[in-house]
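As given in TrEMBL:
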DISULFID  Cys33-Cys66  disulfide bond
DISULFID  Cys43-Cys56  disulfide bond
Amino acid sequence: MPFWGLQKQLGIDVDSWLVRQSMPQPYSSAAACHAFDREWVECGHGLGQTRARRECQLEYEDFMECMNRTKM
């Protein structure tokens with residue numbers, strides 16, 4: 001934990017570009033792919049990176065289809 005919140009003081013948010021779901025949503029409604037993102041995160045939670053890549057591949061593919069809109 002930092003001693004002071006430099007991002008907050010400067011009014012910037014460097015971390016929000018990592019995941020589109022973490023950005024403030026208009027009208028406070030959930031993002032379109034929020035459910036897929038949540039399923040993927042819940043699947044991989046506590047498994048470790050290597051094991052989560054194998055076991056959560058289906059959830060990740062669903063999430064990427066929603067983000068890229070490839071299978072609509």
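Every residue, even glycine, has its Cβ placed from backbone N, Cα and C.
With a 10 A radius on its CB, Cys43 (disulfide bond) counts 16 other CB atoms from all the protein chains.
Here the CA atom of Cys43 (disulfide bond) lies 16 Å from the CA atom of Cys33 (disulfide bond).
Separation of the C-alpha atoms of Cys66 (disulfide bond) and Cys56 (disulfide bond): 16 Å, rounded to the nearest whole number.
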